[in-house]
Amino acid sequence: MASYKVEQLPSPLSVLGEGPHWDVERQSLYYNDIYGGSIHRYDYAENKTYNATVDGFPVISFIVPVKGNERHFIIGTDRKVTLVDWDGRSEKATFVRTVGEVEPDLLDNRFNDAKVDSRGRFYGGTMRLEAKGDIFEMRLGTFYRYDAKRKEFVTLKQKIGVSNGLCWNDQENLFYYIDSCDLDVKEYRVDENGDLSDERVVIDFRVNGEKPSFVPDGMTIDANGSLYVATFGGSTVYKVNSKTGKVELEIKLPCEQVTSAAFGGPNLDILYVTTAAKEFKTPQPAPAGALFAVTGLGVKGTPMYPVDLD
């Protein structure tokens, strides 16, 4: 069994840290603080985190680099995908344009987790705002992919509680997805268009039908096909065998609200983990909200990709 090490990295304590994206070219981890309204770049070589805000956007759900322009990123703002310009160092990023919008009539919804597949296609989903009530009460979210040629969102799944945890196994054309309110991880087959079929539950976190003390949140995958599931309220990232659904390793973090994970570093063998300091509950003590690096896992991740808006 791998003996791992958890290290807190120099970074601000996020209200709700999320969305880690490793950029291979820049050897940097991009991530966001949803309710801190900020975007971040952890520079591996400098061991330093740069932070920025975007005027007019107090809530930022995700950040993904844009193919072909090293200053451009898409971020999630309410129910919109927004293009911004950032040099990765300045304390301000600037609005460029709105790429697209979903659910204009559902004012209590927002985008949550979003990622991009190996062909540059955007996938992301919505949820009802946490301030509007128990996340298990209503399923008003929808999961989409964005068709850049037609400039339109394609609906993949409806009646989502909290859209989360996206990752792909490209070798087998498989996609893994978490609706936090389902308390499980699901697998889908991906066709040429990027649409999903053949739903299968990989792991259900309920114990004898009872809710666990956490909800599954963000997720990533290693080159062997194992999944790494962050647990909000569980202080743990679970390594899960995607074929058998067995938990192979419990990676313990020194804070309760673990939000997401992504492999990075020069060899793609460092697991970066985001966390939250508070989420409509009592503020959590430090180091809650910090960015962490987990080493010694003995595996490598798979590359992450910029979004292709053309």
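From the backbone N, Cα and C atoms, a Cβ is placed for every residue, glycine too.
As the structure is a computational prediction, the values presented were derived from the model and not from experiment.
The domain 'SMP-30/Gluconolactonase/LRE-like region' annotation in TrEMBL covers 16-276.
Per TrEMBL, the feature divalent metal cation binding site maps to Glu18, Asn164, Asp217. The Cβ of Glu18 (divalent metal cation binding site) lies under 8 Å from the Cβ of Tyr31, Asn32, Asp33, Ile34, Ser61, Phe62, Asp113, Gly218, Thr259, Ser260, Thr274, Ala276, each of these being in the same chain and 6 or more residues away along the sequence.
Note on Asn112 (substrate binding site): other Cβ atoms within 10 Å of its Cβ, all shown chains, come to 24. Taken from TrEMBL, the feature substrate binding site applies to Arg110, Asn112, Glu130.
TrEMBL lists Asp217 with the feature active site, proton donor/acceptor. Neighbour density for Asp217 (divalent metal cation binding site): within 10 A of its CB lie 27 other CB atoms from the protein chains shown.
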Arg110 (substrate binding site) and Asn164 (divalent metal cation binding site), Cα-Cα, nearest whole angstrom: 12
Separation of alpha carbons, Asn112 (substrate binding site) and Asp217 (divalent metal cation binding site) (Å): 11
Residues flanking the divalent metal cation site, with Cβ no more than 8 Å from the Cβ centroid of Glu18, Asn164, Asp217 and excluding those residues themselves: Gly19, Asn112, Asp113, Val162, Gly165, Ile178, Ser180, Gly218, Ala230, Phe232, Thr259, Ser260
Protein Cβ atoms within 10 Å of Glu130 (substrate binding site), excluding its own: 15
Nonlocal neighbours by CB distance (under 8 Å) for Arg110 (substrate binding site), same chain, sequence gap 6 or more: Val59, Ser61, Gly76, Asp78, Arg79, Thr126, Met127, Leu129
Substrate site span - longest C-alpha distance across Arg110, Asn112, Glu130, in Å: 11
